[in-house]
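Report on the structure given below.
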Ligand SMILES: Nc1ncnc2c1ncn2[C@@H]1O[C@H](COP(=O)(O)OP(=O)(O)O)[C@@H](O)[C@H]1O
Ligand SMILES: [Mg+2]
């Protein structure tokens, strides 16, 4: 369970996120939908402790993210939107580093690294520097790192962008599987279609405000009824 | 060509612009500028002294032309040496090359633009060193207007040939380096060229001067000028051009020099047109190799977070060419250079020099060595780049459950490690070659370790205070960041006072002074550590 209580964040006096209120139940895939610049990444960065929260609070599985950051950070795994990870490390060195951070025992990490990277098709690239990876491969190594320590909560910022169809399918299956086990998957996207395929619950964010929250059926109804949302709907469906 | 000029303007602007610098940084530049004034005066004074003395000695035997010859040779060496670093980083290591290559520019146009910044730095040196030297020589020899006119032209052309030679050699080397499998490692090796060059010159000079001393050689007719001609004929041409003013020979050599310099530019652009892209395309780093399952498995092992962090930092430093040259080579350059020079010349003046330390008063020995250590360890590029090195990947430390104190400690241990390496190397030199008495070495060793730790903390505090994370090219972490000398200035001030007080105190005896010094250093360590902890609390999670 993640509770986001009226959080705000501004950069140089301009609000990127304003009074955002959300609650994400267990066992659900939660889609965080919005056009570019809506405030998705900013919200996620506050959830993960990358940005300080200006106002409000975030409680993750009963732990206040701002008050007990170390404890909270053990709860989730995060896939950032940019693949600016440590590029000069080899893939395997990165994974081993993550495993050290989360104190994954040696035989488990060995088995998992092999299983995960093989299913993403990057096993044979593990000995190369991450710098030589394509965007999709970088995405995959980060996702492998997250799955390696098996956190309760997955937080993924535009995880499907740049993945090939096969890996995209694999990741979606893994997300469904995780939710089925009663855990949380929270991910952001700017593509409506992805939400429709994947999500149980959705929140639509625009200009730092939540415009809608509810399940899929409610969302479709709302798009028809609400003139404001219709414009947004167009933005989210064009291209891609 | 107008395209090339435009390109050059853009490149220079991108590298030297003050626009996106904070006011604090601008203030720093002004401070550096002011600090440079007395330094510049000192250099002028120094040059004037050398030229005056040499002129007085050589003029009676009619050999004063040697001064200019020597001057031009030295400038050529200096220009070649500095060009190695600037050319490599501007032509090959800067990652912006790739974005220019995709635009419709000819190789020679890109090369022309990229030469601007290395050239500007050469002209900086040229103005500080060669210009006043030529003027002083003119004053001593009572030369006329013609000397100054020709001198000015020669001055303006002097950097060209050394620059072009270095650039062409590097272009050939990089053309072949580019074929290698591990590009980053190759770049690191090429980055060591400057070092090899410095040692090579040293060896050459030794071989050539034989056993004779410089004074003896100076009096030998033309011996020096011959040495000059052997390696750098153009230096000879320009010195004749300025000493034989008004004669046909002088004019001939002057015109020859001008023609050669202009020819060099053409040669540079022609060679560049053919070879530059061959060296630079596909150079951007990383290693890809045949898959080897065993190698992968070898990396899978559990270790403490601190160890893991430390290894990550060290790997990044050693694998990133810019970091390697700026951090590893720079910290170890001096000690390694010293050791190699001493090994090349086992019977040189320095050997066994340490035994004389016994004669000097213990207090002065310890304080003197401490002072040198502060200067040697004060600028530690690993420390003031601790946070900035991470650049855009810094945020990874924030969402992972690693306590800030551990990340910071790992970074401290890395910069301390660099200091530790130089202390070890210097110890080898001190014990084996200089034969410094064991007790003195031991005390110095302990004192240096603590000093190194303090210096690492100081650099880290400053970097945490004004980190530079938004770079696109690693060089930005070091270039144009004045903060490197802030820790040194602070340390010089604090330790200077400590040395002064101890020097003038009634304390005597090597053990007493050392114990007091170590005690003081430990107190300073505690204080800086306290400031670091506070800085971490205030800044660590708010840098982004
Ligand atoms: N570090 C920053 N400094 C200033 N403005 C920022 C910063 N990060 C994000 N913003 C602004 O905040 C808004 C939301 O950005 P973001 O959360 O990244 O959007 P997205 O929904 O596409 O992920 C945008 O208007 C963006 O320009
Ligand atoms: Mg985003």
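Every residue number used here counts from 1 along the chain in the order it is shown.
Note: Cβ is positioned from N, Cα and C throughout, glycine not excepted.
Predicted automatically and left uncurated, TrEMBL annotations should be read as such.
Annotated in TrEMBL:
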- B:66-94: transmembrane segment (TRANSMEM)
- B:115-139: transmembrane segment (TRANSMEM)
- B:145-176: transmembrane segment (TRANSMEM)
- B:188-207: transmembrane segment (TRANSMEM)
- B:251-271: transmembrane segment (TRANSMEM)
- B:323-344: transmembrane segment (TRANSMEM)
- B:364-387: transmembrane segment (TRANSMEM)
- B:408-432: transmembrane segment (TRANSMEM)
- B:438-462: transmembrane segment (TRANSMEM)
- B:482-503: transmembrane segment (TRANSMEM)
- B:509-532: transmembrane segment (TRANSMEM)
Look over the recorded stretches B:145-176, B:188-207, B:364-387, B:408-432 and say which has the most C-beta pairs under 8 A to the transmembrane segment (B:509-532).
B:364-387
Does the transmembrane segment (B:323-344) make contact with the transmembrane segment (B:145-176) through 3 or more Cβ pairs under 8 Å, each pair 6 or more apart in sequence?
no
At a threshold of under 8 Å on Cβ distances, which of B:145-176, B:188-207, B:438-462 pairs most often with the transmembrane segment (B:115-139)?
B:145-176
Pairs 6 or more apart in sequence, C-beta under 8 angstroms, 3 or more of them: is that satisfied by the transmembrane segment (B:66-94) and the transmembrane segment (B:188-207)?
yes
Long-range Cβ neighbours of the transmembrane segment (B:364-387) (under 8 Å; 6 or more residues past either end):
317, 323, 326-327, 330-331, 334, 357, 394, 411-412, 414-415, 417-419, 422-423, 426, 440, 443-444, 447-448, 451-452, 455-460, 462-464, 467, 469, 477-478, 481, 483-488, 491-492, 495, 499, 502-503, 510, 513-514, 517, 543
Within the same chain, where does the transmembrane segment (B:251-271) have neighbours whose Cβ lies under 8 angstroms from its own Cβ atoms, ignoring anything closer than 6 residues to its ends? I mean 6 or more beyond.
108, 111-112, 115, 150, 153-154, 157, 160-161, 164-165, 167-168, 171, 234, 237-238, 240-241, 244
Would the transmembrane segment (B:408-432) count as touching the transmembrane segment (B:188-207), i.e. at least 3 C-beta pairs under 8 angstroms with sequence separation of 6+?
no
May I ask for the residues of the chain that lie six or more residues beyond the transmembrane segment (B:408-432) and have a Cβ under 8 Å from a Cβ within it?
306, 309-310, 312-314, 317, 327-328, 331-332, 334-336, 338-339, 342, 354, 376-377, 380, 382-383, 386-387, 438, 441, 444-445, 448-449, 452-453, 455-457, 459-460, 464, 532, 536, 540
In the same chain, who gets a Cβ under 8 Å from the transmembrane segment (B:145-176) while lying at least 6 residues past its ends?
72, 75-76, 79-80, 83-84, 87-88, 91-92, 115, 118-119, 122-123, 126, 130-131, 134-135, 138, 190, 193, 234, 238, 241-242, 245-246, 254, 257-258, 260-261, 264-265, 267-268, 271-272, 275-276, 278-280, 283
